[in-house]
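Chemist: According to TrEMBL, the protein has these features:
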type: REGION; residues: 24-108; note: region 'Disordered'
type: COMPBIAS; residues: 58-70; note: compositional bias 'Basic residues'
type: TRANSMEM; residues: 69-90; note: transmembrane segment
type: COMPBIAS; residues: 71-96; note: compositional bias 'Low complexity'
type: TRANSMEM; residues: 143-163; note: transmembrane segment
type: TRANSMEM; residues: 183-203; note: transmembrane segment
type: TRANSMEM; residues: 268-287; note: transmembrane segment
type: TRANSMEM; residues: 293-313; note: transmembrane segment
type: TRANSMEM; residues: 334-354; note: transmembrane segment
type: TRANSMEM; residues: 374-398; note: transmembrane segment
type: TRANSMEM; residues: 410-431; note: transmembrane segment
type: TRANSMEM; residues: 437-459; note: transmembrane segment
type: TRANSMEM; residues: 471-490; note: transmembrane segment
type: TRANSMEM; residues: 510-527; note: transmembrane segment
type: TRANSMEM; residues: 539-564; note: transmembrane segment
type: REGION; residues: 609-652; note: region 'Disordered'
Amino acid sequence: MNLIRIRIETDRDDTHSYRYRRRLHKRHHRDHRDDVSETWSLPSWPELDGERRTAQEKRRRNRRRSRKTAKSIAAGSLGATSGASGVGAASMGSTSQDTEADEDSERQSWSNPCEFLLSMISMSVGLGNFCRFPYICAENGGGTFLIIYLVLMSIVGRPMYFLELAMGQFASQTQVKVWKMCPAWVGVGYGSAVAAFYVMTYYSSIMATTIYYLVHSCQATLPWSECDPSWATQKVCDQVKEAVANGTNQRNVVNLPRIYYELPQWKLTLCLAASWLIILGVLFKGVESSGKVAYFTTFYPFIVIFTLLGYTLTREGALHGMLFFVQPKWESILDPNVWFAAAGQSFFSLNMAFGPIVNYASMNSFHHSIHKDVLVVSIMDTFASLIAGLTVFAVLGTISHDLGKPIEQVVTSGPGLIFVTFSDAISYFPVPQLFSVLFFLMMMTLAIGSCTSWVMALSSIVRENFPKLKLIWLNTGMCILSFLTALIYVTPGGQFLVTLVDNHGGCVNVYILATMEAIGVAWIYGLKVQSLNEISSAHFDSCGWVITAVSILPLPIGAAYVIYKAPGSPKEKLLYAIKPAVDFGPKHPHDRYEWELFKEGKLVLDEFQLDDDSNPMKNDVEAPNENDGNNELGSTDLPQNASEDENQNKNK
């Protein structure tokens, strides 16, 4: 057992010490934090002399009493802050702090940082990379769009991604309660929840279609590769036979994969139910189960996409298609619509302003380093988009070569790119059933990674308000509600609704939500002032406006409600609504106490110890003891400075 100490500088220039102890039992790992500032380390347990060993045994017996003391000190520090914070402090009281402490004991956390990172990659790398990105790139200047996209990912995407991770990890709250930093902005959290529900439901309909195709890929002949009067008319089949007899490529006469895709099927309802049963199974134990599934949903898509790309490169026309994908059209670089599309793709691809990023980060340890996570996830997401684009256009190049048509005429937008273009190309692969199963299983896993993150984000919001709800029943109810809502997308007119919701439920509104999010953090919580710029809305039809408005309305409604419920005069109400709540900060009492000391300049961090599985110390903090100097391990035996600490360590 090791001892690690940090120094706390006080106004009287004397020194106190915190003692950190390694937890040996799993049940004690629930509330502790791993990161400490290490000044010097004592010898391991077998090397301790009898006097130190006796003192440490004594402290182990008094562990519970010490933890209660630490919590009381943290509560006292919060009380002092509340007394100086002005309007509304009395209304907050200590009830919320006690409630959050109780919620913290129930809140799940990641088993290890690796599962968190893989879950973030699985959440970000989804259908948007393989369905949305290639055709948006083709429609907006090809290589020119790529340049703009990479620029915006660097100057907008990654900073916003880091911001959302930092918000969730700092406060250990979801996208709603994290806005205690600015109560008037609580509508941003609810608006992002509405947007997540939009995208989650239509994503599940695409997942249902992939399951339908996956099942039918196991037949002796892929059903969309040959005309069958049972799903195509006899007239169409006669046209195909006539084309074959004349030596004409039947794909130039009739597009069988498109007819098969647009055919209404009641079986899609069963596939939709199967989709939500799979998602519920992944979320059976919350992050404990979803974190394990992330190992598969993260790596499998890359294996399949590289396999498809490798084979496609052996066919004629593939390189021509890839060159078409990266060839820039410089006249579009000043087109604002191209920049608008690139910004939307960067937000949609990284899953920003929807809530899952904040929710996932809130289940991290307070001291977990997120810098590397931001870089890894954003790089993997961009890499996946580029590889998917190259693969898609390599396939389109082979189709263009076979049909003798320009690539522009074989490009299909939306889900049709998967279920029409790719299914058509795969039917001409060797052993097409194998490639078809691998491909549609890949698409299903991409949808699972994103859908589970949205369900977890929405469930966490509900559970924060109703902490007694069991997680399994909450997730079950969320999946049933989503299934019933998604039924509209598997109707004959469902594809039109998918396109409509994709454009206005997960694009236009996300710009507004992300903008308000940045303003709330930087201009109100950060700089204590407010600055709003006028945002001109795009022109779209009335249905799209209604969809967007539903996710934007929580912003003014939430602000008006907070101002109305705030105590005091109208001026005091407004000031209360645009100032951080007095109980906003790190959720764990120990982290909160250290954060208060750090703000006051009393906490010296000599060395930062990362919170990951490589850290052998699983520690819990004990409060400073007034009689510390009389103990065997009191502050009198602390080194005077960091250099002396290092020298003593080397000598030991």
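Using N, Cα and C of the backbone, Cβ positions are placed for all residues, glycine too.
Remember, TrEMBL labels are computer predictions, not curated facts.
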Chemist: Between the transmembrane segment (334-354) and the stretches 183-203, 374-398, 437-459, 510-527, 539-564, work out which stretch tops the count of Cβ pairs under 8 Å.
Modeler: 510-527
Chemist: So, does the transmembrane segment (143-163) come close enough to the transmembrane segment (374-398) to give 3+ Cβ pairs below 8 Å, pairs being at least 6 apart in sequence?
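Modeler: Between the transmembrane segment (374-398) and the transmembrane segment (143-163), contact is present.
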Chemist: Take the C-beta pairs under 8 A between the transmembrane segment (510-527) and each of 143-163, 183-203, 293-313. Which stretch has the highest count?
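Modeler: Result: 183-203.
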Chemist: With pairs closer than 6 in sequence left out, are the transmembrane segment (293-313) and the transmembrane segment (183-203) joined by 3 or more CB pairs under 8 Å?
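Modeler: Contact absent: fewer than 3 Cβ pairs fall under 8 Å.
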Chemist: Is the transmembrane segment (293-313) close to the transmembrane segment (437-459), in the sense of at least 3 CB pairs under 8 angstroms with a sequence gap of 6 or more?
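Modeler: Yes; at least 3 Cβ pairs under 8 Å.
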Chemist: So are the transmembrane segment (471-490) and the transmembrane segment (268-287) touching or not, going by 3+ C-beta pairs under 8 A with a sequence gap of 6 or more?
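Modeler: These two stretches do touch.
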